[in-house]
Amino acid sequence: MADEVSAYAAYGKTLPKKQAPKRRQAKRWPKKTTKQTPKTLAKRTAKRASGDKANGQNNGAAAKRQNGVQTKPKAQKLGTHDNASADARRIDSISGSIHCNGVNSNNNNNNSSSSSMPSKKNKGRRSDVSDTEQSESLDDTVNLARKMADYLSECGEQNCGSDADSSGSSYGEYDSSDNDDNMSGESGSASESESCSEDYDKSSGSDSDNECGDGDSDVDCDSDVDCDSDSEGGSAWGSESDDQFSEEYTLNSHANSSSNNNSSNNNSSSNNSNSSASSPEASVMPAAGRRKATKRSEHLASNSDGSDFIDSNNNNKNKNTPPAAKQQKLQVQQRLKQKQLEKQEKRANAAVQRENAAPFCPLQRTATTAAKSCPLPSKEAAGAKPGRKSCPLPSKSAPAANKMAPNKMAAKMCALPPKNERAAQQQRKRAERDEQRQEAKGRRSENELLPEGKQRQQVHLQDSIEEGKRMLHWLINPMTSDDFFSQYWERNACQVKRKQPNYFSQLISFKLIDEMLIRNHLEFTTNIDVTTYKNGMRETHNPDGRAMPPTVWGFYSDGCSIRILNPSTYLIKVRQLCAMMQEFFHCLVGANVYLTPPNSQGFAPHYDDIEAFVLQVEGRKRWRLYSPLHPSDVLARNSSGNYSQAELGEPLFDAVLEPGDILYFPRGTVHQAVCDQQQHSLHITLSVYQQQAYANLLEELMPAVLQRAIKHHLSLRRGLPLHIWQHLGLAKGDQKSELRDELLGNTKRLVQQYLMPSDAQIDAAVDQLAKRFQHEALPPVVLPEEHERTVFGSRSQANSHGQCLCDYELTERTSVRLLRANILRLVAEGSSLRVYYYVDNALEFCKYEANFMEIQPTEAAAVEALMSAYPKYLKVAKLPLRSAERRIEVATALWERGLLMTEQPFK
């Protein structure tokens, strides 16, 4: 029959043909198919053939597979010569399951493309049918296929609505009542599901069919919730690309919910040919390809429709969803849609904000790191806390409240500060600029030319003594150091007033004190004193233990004065100032910090044994100075007790120190200070020249002179006259006799003759004072230029054999010098020579024993040469030692202890 059209061709005429992309093979969850061997097929064919003969040689099998659903035989079997009523019943049975809700597939993936199309199983089973019967059956099949196509097109128009892209081609679930097999295709890329008519072309490109392996379990991916686990080859449902599709589908799915639910009650579902016919744009494909593509697209449409797959445990009997469950699913769908709309609007808001950023907030910042110049919107607009000043992102509730607003209005602009706020900002900026100018001026005065007009050299070429003198000049400028020492040093008090409040602010501040208390372990009495002076009585309120900030500030709030005894241990700027000045003064330069609350006084009137420099850092304080009460108190060697106001006369000096001012007064000067009624006071007292008088030298000198005279002169070792007690003493002081005069004369002659110190003895006494300085001094603050030229910048490492490799090597061509002018002292201790040094001292006062190294007498000349050459560099070859090896050894030993610095860095 040449003009007869096959069922395959009939479907091809109805649907346009499209080229399907190749499918990727899934790496996980492979489909489990039952491979039927020829032997198995032969057995089944023989069995069914015998059954057909027993039933009267019917044209159809005892149990037919229509649309992928195995149905039981009817009482009146339908053959190839049935009339039109049989065709109508067949169409009704097929159309009853086609309501765009499901997809049919059997366990073996052998779905028939049409109930009338001959399958592979029927080929060997119907060998007894004649050619005439086959041609007539083919005619019936063609007619039936055409009727089915017409019916399906009407079904698509009635049930699926006009929007075929979003909801018109959602298919039914796969149902097999005999095997209870539920096979569901997992969703692929969401962007591929925009049109059900392109299910095959788009879904076949992703290998995302996830089947139940054993036929009795199913993988159910509900569209109401997000599936976290995606099948391989497909993307997760609910991705950003399907936002528009899901929105349209959700709006259209409510209109078709009744028809979809009714179609899901049928026990048979549509086959691949029917599903293709329901979509006019679907392309014709082989049966196997259509089965896979249909399962894939139908599951995606089923997910988008919000309907769940039927659980295999209920045997597919309870397919009618209760009204409460439907309502719950609709609510979940609405929430899902709302979330998707919020995401879209947030993206649009972010894009508009980036395009239309406010001038004061060029970058999007979080609330914690936002620019302070951009205040928050009002509380009603943004719902944010009013305390912070920042430019926040739009609140999460804003998109939900303004979902219908255009995207260009979604982003919030950072409002400009009000006029009064801008004025305050300008005032703060001016104050900051003034502070910066004053600090720069202070730095210029600190880094200006030396008083003698000498230009400062590079750091590694500077003289530490001159640097200490420069620091003194920074304290007292515009006064010169020469005028200061000639007019005021150890004579009169001196005040230098400045109109620079931030002149000393880099040294210490209220904030630095608080940080110091938190970061370091300071103890009361050892590091901090808490004092008050009320009604002529000074009291100390030191508790035990560590000085924690709450405790210290609690005392301060109660009107107590806080004294920090060793701030140079914890504050680097104060330490650097003291370390540089001690090189110039050749003695320890200490520092105390006094923090006094308003309208209070912490200490009673007294005098000290130090030369005092008072640096007013913050606030105001009134100072009054008095003359020493006794002549012996002038330049006192020890501090006094507390005086009462009645013991003091009229003050010699009465003035108020303001921030940036400095006050100097000699040791032995009685002083007291009281805070202003409205302002607190923070000042630093630098103490200089403590126990640095001639008396201290003689205390070191005379015992040594006497001991040496006794050792070398016999006259000092002779015994006293027997009658000396009868002529000398307190009771005999008023008597006049020759024996008394003789005894007094002999004693004076011995002192004048044998106790006159020699130059060497005076040198030794000075060395002892210098030795004390080496023990008390602060360690040097090594600058970066010095760091790379000293041992402090050296780094050693090991080679592959575990041997240590040093990154330095001194030779005779290496030029070296001392790190500081007073970094070491050569002292004779008995029969040995020692080199004392302070480079390894602790930051606390005399925490450790003095550091020293013993050298051979022949090596002393090398140390002396280095001390004499300072601040110039000296080549190792010029050290006065006999051999080059010994010169290198001595220089290396001093360099490794941090006492020497090379002219050129090793690295």
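Note: Cβ is positioned from N, Cα and C throughout, glycine not excepted.
Per Swiss-Prot, the Fe cation site holds His606, Asp608; the candidate it also names there, chosen from His541, His630, His671, is His671. The DSSP secondary structure for Asp608 (Fe cation binding site) is coil. The Cβ of His606 (Fe cation binding site) has 14 neighbouring Cβ atoms from other residues within 10 Å, across all protein chains displayed. DSSP states for the compositional bias 'Basic and acidic residues' (339-348), grouped as helix (H, G, I), strand (E, B) and coil, give 10 helix, 0 strand, 0 coil. Per DSSP, the domain 'JmjC' (566-705) is made up of 35 helix, 46 strand, 59 coil. Those residues of the chain, other than His606, Asp608, His671, with a C-beta within 8 angstroms of the mean position of the Fe cation site C-beta atoms are Phe603, Pro605, Tyr607, Ala612, Ser639, Ser640, Thr669, Val670, Gln672. In the predicted model, residues of the domain 'JmjC' (566-705) average a pLDDT of 95.
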